[in-house]
Amino acid sequence: MKAGVIKDPKIQKYLPWLGALAIFMQALDATILNTGLPSIAKSLGESPLQMQSVIVSYTLTVALLIPLSGWLADRFGTKKIFILAVTLFTLGSLFCSVSRNLDELILSRIFQAIGGSMMVPVARLTLIYAYPKDKLLKVINFITIPALIGPMLGPTVGGFLVEKLSWHWIFLINLPVGIIAVLFARTIVPDFTNEVKRFDLWGWLLLSGGLTMITIVIERWDSPSISVFNLIAFGLLAILCIVGYVYYAKRTPFPLIKLSLFKIDTLKIGLIGNLVTRLGIGGMPLMIPLLLQVGYGYSAFYAGLMMIPQALSNLISRNFVVPIVKKYGYRKTLISNTILTGLLISMFFFIDRNTPYWVVILLMIGNGAFNAVQFTSMNTISLADLDNETSSEGNSLLSVTQQLAISLGISVSAMFLLIFKKSFVGDTGDSIDVFRYTFLVMGLLTVISSYVFTKLDSNSGASMAGNRVYSNKDEAK
């Protein structure tokens, strides 16, 4: 059926609940895994400091496939693609739970991410098509609630499942939810289609190839299975792919990402800021659970409980972003908050095994609060000057950048963990100094990244700051 407002009261009533369920599945999955990584590492015979590929493989796959999700939904129907997405995500979760080694787990996570990359975007697209604009804001606000609850429940639920059952249940918990979602979708989700342009396959392949090669270089720089020559080759291929895309995009009528978008200063600075700032901040969801379990020796469940104040701080602080931006503007807010965030991350350098746990919790609360301001401000300044013609592509580009930046942030933090592990403790991985020095480097990288936001004008994003600042639900982590 062609996209249009749905009149059926049953569908209007229950469709937002299905969208909320899909978002909750993904939000919970994004955070439930972090506290379980040490247990998974032990079970698979791996170092807990080298498990980042389990997260990176998922986020990178999502980043690469996001541009494809909307096109598939418009071409083949929102109902078909949503059911396919949930099915793949659920099957991927099952495959993860039966993985016997790290390589199998990584492949299963990639399979899971294929579904995850379509599940939330298609659910959101369906709601946009199904509701009139005067009701859409209320619906969107409703479905973002699970994205805020998921990060609060995820670490604790993950710790509980690992401690009381086994790490396999981190993934098995998705099975009943996924089955319910598929059954629900068969009767509730309308099968909208829309006119589509030809998908830019060559552009997608060039960009995907370049981004994948960059991640491999950062991820596998110290792997004995990849030679220095191969790493250099991957790096050169990444450059060729990116440069090749720029050359290609200038000559094709409908490129995957229009280069003209980068002429919008606020979008360009927001995207670059998202990318470089997350090189420091992006590793924190991996670093903190590892610090609590590997560094301090806390149980998975106790570590999960200690993460709750940070999630609550993040949630509460979002209420203060609008007045802060209204008073100080985007430029001052982003420069100062980025510096403060970096300094706070660096303060983890001063902790040791004798540091009271409440001091660590205070640092985590501060991290949650500053992240709320940082992510919401970065995301909204990116969208501030987009018009009707560029809003869809700009928003899609922002989503891709966010997922890519998360992948790179985790990869960079894991790289420094490995460097300092060799410097301080050889191959034992049992010294808290590994984390202290990694936090210091991550904090300094974040402080340096504040320079990007000096390129904003004092009145950048003034129209949005003067009205309302939209929070991105993907940042409720």
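Cβ coordinates are placed from backbone N, Cα and C, and glycine is handled just like the others.
As given in TrEMBL:
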- 14-33: transmembrane segment (TRANSMEM)
- 15-461: domain 'Major facilitator superfamily (MFS) profile' (DOMAIN)
- 53-74: transmembrane segment (TRANSMEM)
- 81-100: transmembrane segment (TRANSMEM)
- 139-161: transmembrane segment (TRANSMEM)
- 167-189: transmembrane segment (TRANSMEM)
- 201-221: transmembrane segment (TRANSMEM)
- 227-248: transmembrane segment (TRANSMEM)
- 269-288: transmembrane segment (TRANSMEM)
- 333-351: transmembrane segment (TRANSMEM)
- 357-376: transmembrane segment (TRANSMEM)
- 397-419: transmembrane segment (TRANSMEM)
- 434-454: transmembrane segment (TRANSMEM)
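Across the candidate stretches 14-33, 201-221, 227-248, 397-419, the maximum count of CB pairs under 8 A to the transmembrane segment (269-288) is reached by 397-419. If you look at the transmembrane segment (357-376), the same-chain residues 6 or more away from its ends with a CB under 8 A from one of its CBs are 277, 281, 284, 288, 291-292, 296, 306-307, 309-318, 320-321, 324, 333-334, 337-338, 340-341, 344-345, 347-348, 351, 469-472, 475. When Cβ distances are compared across the two stretches, the transmembrane segment (227-248) makes no contact with the transmembrane segment (333-351), since fewer than 3 pairs at least 6 residues apart fall below 8 angstroms. Sequence-distant contacts of the transmembrane segment (333-351) (same chain, six or more residues past either end, CB-CB distance under 8 Å): 273, 277, 280-281, 284, 291, 324-325, 359-360, 363, 366-367, 370-371, 373-374, 377-378, 381, 432, 435-437, 439-440, 442-450, 453-454, 456. Stretch with the largest number of CB pairs closer than 8 A to the transmembrane segment (81-100), among 167-189, 201-221, 434-454: 167-189. At the 8 Å Cβ threshold, with sequence separation of at least 6, the transmembrane segment (167-189) lacks contact with the transmembrane segment (53-74), having fewer than 3 such pairs. With Cβ pairs under 8 Å as the measure, the transmembrane segment (14-33) is packed most heavily against 139-161, out of 53-74, 139-161, 201-221.
Looking only at the domain 'Major facilitator superfamily (MFS) profile' (15-461), the predicted model's pLDDT averages out at 83.
If one looks beyond the transmembrane segment (53-74) by at least 6 residues along the same chain, the residues whose Cβ comes under 8 Å of a Cβ in the stretch are 33-34, 37, 40, 81-82, 85, 102, 105-106, 109-110, 112-114, 116-118, 121-122, 125-126, 192-196, 199, 204, 207-208, 211-212, 215, 219, 256-257, 286, 396, 399-404, 406-407, 410-411.
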